[in-house]
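Worksheet: one structure, shown below.
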Amino acid sequence: MAVISETSDEGSNGGAANKKPQEEEENIPPIPKELPEELIVIIVALVRRYHYPKLSLISKAYRDLISSPELFQTRSRLGFTEPVLYTSIGFPPFDLPSWYILHRISLQFKQITSLPSMLPGSAVVTIDYKMYVLGGFIGLNQPVSTMIVIDCRFHTYRELPSMQRDRGGAAAGVIDGKIYVIGGCKKRYNDWVEVFDVENESWETVPGPYPNVASESVEFSQYAVMEQKIYILDPLFCLTYEPRKRRFEAWGRRSQQRRYESCCVVNDMLCTVDSTCSHGYPIVVYDPKGMVWRPVKGVQSSDLPNLVYYESRMANFGGKLVILGGNQSRDRKDSYLEKDIWCIEIALEKREDGDIWGHVESRSVVLSSSKWPLIALSRSVTV
């Protein structure tokens, strides 16, 4: 790039006496009026996500960019994606469940009014920045086949093709980029298992054989994906389903697994809360090889708030175990009035000797209410 310097009329700077500044300026490459699209995507990807709503107000071009898959892919490639925690909380008997998002700075749940209430018995799975909500019950336990997808970047949703069968209390999991849904209807149906192609947005029936040990009318309480298998808690038995081999396996009676009302997978470990501390610790991890539950050492009951753990919900939050649970806090008059929802974040580590150790990194009240909350579920997405 040429540099324009001041010159005297006599050319005393040693340059050509007759060369004018305008001639040197012609050597400067023109500044592009528009930045390359690839550079714009990278620049916006570097901006913190909470600024996106304001950016989207600038112009339609920004709105299109912020909603584009290219921006998410660029953020993922640059390592700028972040986990976001969602939960569905109701206040029975009058208030239907609403979606809430955890704000990382204030550590408070904020209600999302733009999303519909999640039906009781819905199955929910996540893929990147999307949550898929399948089935559920309406009225007097009438199952439905509906399916919606929630875009967690903008808290919008749209309907997807319905399942082939009405389902309530089904299990679901994402394997190889496809959504498998199991049960939630009579087992005698040939479409007891269905698979949803996310790219083509189409359903297909997955043929049997189906497990003989599962209940005839199945409503699963919990499910999670680990080692390319869907782990399912049946009312009577614990099952795994391996879609690649189309194979079901039983891994013990549920009575032997005690009452584990919530579970999630963190770092390929199936975690749950054992409120009875039958293993000496309140958190346990399932060992699929030994088919036994093992304690998470280092986390004592005294490290955790006094919560109603059989109504708690768990999630994998950026590689950490998160537990959401409610308790009642006393006011100054020592009467039970305010109900709190706590968020506990626990780091897990599997050591060389096979022991699992945990450390409570944070515990805080994230929502308070005069009504008793019912936490329907907790999920983490990447945005």
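The chain as shown is numbered from 1 upward.
The backbone N, Cα and C atoms fix where each Cβ goes, glycine too.
For 29-75, the entry in Swiss-Prot reads domain 'F-box'.
Residues or ranges marked as region 'Disordered' in Swiss-Prot: 1-30.
The repeat 'Kelch 1' annotation in Swiss-Prot covers 130-177. Helix, strand and coil counts under DSSP for the repeat 'Kelch 1' (130-177) come to 0 helix, 26 strand, 22 coil.
For 178-223, the entry in Swiss-Prot reads repeat 'Kelch 2'.
What Swiss-Prot records for 262-313 is repeat 'Kelch 3'.
As annotated by Swiss-Prot, repeat 'Kelch 4' applies to 320-371.
With helix defined as DSSP H, G or I and strand as E or B, the domain 'F-box' (29-75) counts 30 helix, 0 strand, 17 coil.
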